[in-house]
Amino acid sequence: MTPAAREAAAIELLDRWLGGHPVEQALTLWARASRFAGSGDREAVRDLVFQAVRRRRSAAALGGGETGRALVLGLAREAGIRPEAWTGVGHAPAELSEAEARLLDAPLPVLARPVALDCPDWLLDHFEAALQGQTDVILSRMRDRAPVFLRVNTARTSRDAVVSELTALGIETRPHPLAPTALEITANPRRLRNSDALAEGRVEMQDAASQAIALDFAAHARGPVLDYCAGGGGKALALAAEGFSVSAHDIDPRRMADLPARAKRAGAAIQVLSGPPTGTWSAIFADAPCSGSGSWRRAPEAKWAFTPARLAELTAIQDTILRQCADLTAPGGLLGYATCSMLREENEDRVKAFLENQPGWRCILERRLSPLDGGDGFYLAVLRKSAGS
Ligand SMILES: C[S@@+](CC[C@H](N)C(=O)[O-])C[C@H]1O[C@@H](n2cnc3c(N)ncnc32)[C@H](O)[C@@H]1O
């Protein structure tokens, strides 16, 4: 496909998204129907579509509207690129209209702050409350794609050995300061998909901040760990690699469907619970459902779908999870509360409310990470129940 044909495909896909189809679904259907598109084409189209979704507001403002074509034009305009190959010939998008040409010739306007930051209006105050003086720099960082990270399964191998193994495949990596297990892939990330390192559990795809908070919790925990919101098992696997025996629970057990196979591949001691956990535990990790606002670079659709009502719903769920985990924690035990959100309402405010309502608990560690640290935005609070409670 020519670059213009890729842009035409992205325009079509963005129109489907704006018409209500989930982006992933639109991309999958398009890839199936477009046998002529090679893997390079599919990657390029995907990258362009996701960039337009991340930058929906600014691209619409610069491109002249909320259509796929306007979004792609808006991205080009911001980058100072004139789409000369839009000739309408072959698979290229139609030629620029006079209005579009005038738009591209005009100087870049100064955009209103939430538009320039690609942030829904209502959310800006919430980010400001959480990020304060770093709001603009962090939200600007969220306008670009996230780096790709691996977690080295140090129960199986060393980071150096993985670096050599991947280098031989042309996959370039560098250690990342967020975690001693983290490698950032700097070239040819897609080659990993068919690598033995992944198939044999020597590495897992996991954001570096997610690794960092799992390690922070691991540094304080003792004994078997209950992962109360295990989902696909990213944290459970990271904790098991640190030598913990992990029991995995999730309110929706289907989300843990792949976990036994992933654990086997990694040689990890993870027991998937078939029902609600009982008894008491000396260490519980609750990676709670949240807005995902720290990972909106990877899942940018969610930013535009998020609402105040959903935020209220989530904070109520988070309070319930904290209460349930408190009941399951043994006296003197530890509870790790984590989200991949950067909003105070889902983080500090939840922990504050918990401590006000639960005598005999104290917070022994709090950590906030943002994309300025390199990975996703994350929050961790490690809470200890007093031995007498
Ligand atoms: C952020 S995801 C977990 C991600 C996972 N820990 C990982 O690292 O891959 C949150 C999970 O919490 C689960 N969940 C939601 N409400 C819950 C509840 N009340 N009790 C337990 N799990 C819940 C969801 O089904 C979802 O899988």
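Cβ from N, Cα, C; glycine included.
Taken from TrEMBL, the feature domain 'SAM-dependent MTase RsmB/NOP-type' covers 138-389. Residues or ranges marked as S-adenosyl-L-methionine binding site by TrEMBL: Asp250, Asp287. According to TrEMBL, the active site, nucleophile annotation covers Cys340.
Long-range Cβ neighbours of Asp287 (S-adenosyl-L-methionine binding site) (same chain, at least 6 residues apart, Cβ-Cβ under 8 Å): Asp227, Tyr228, Cys229, Ala230, Gly231, Lys235, Ala338, Thr339. All protein chains shown were included, and the count of other CB atoms within 10 Å of the CB of the residue listed as 'active site, nucleophile' stands at 27. Taking the Cα atom of each, Cys340 (active site, nucleophile) and Asp250 (S-adenosyl-L-methionine binding site) are about 17 angstrom apart. When pLDDT values are averaged over the domain 'SAM-dependent MTase RsmB/NOP-type' (138-389), the model yields 97. With a cut-off of 8 Å between CB atoms and residues at least 6 apart in sequence, the same chain places Cys229, Ala230, Gly231, Met256 near Asp250 (S-adenosyl-L-methionine binding site), listed in sequence order.
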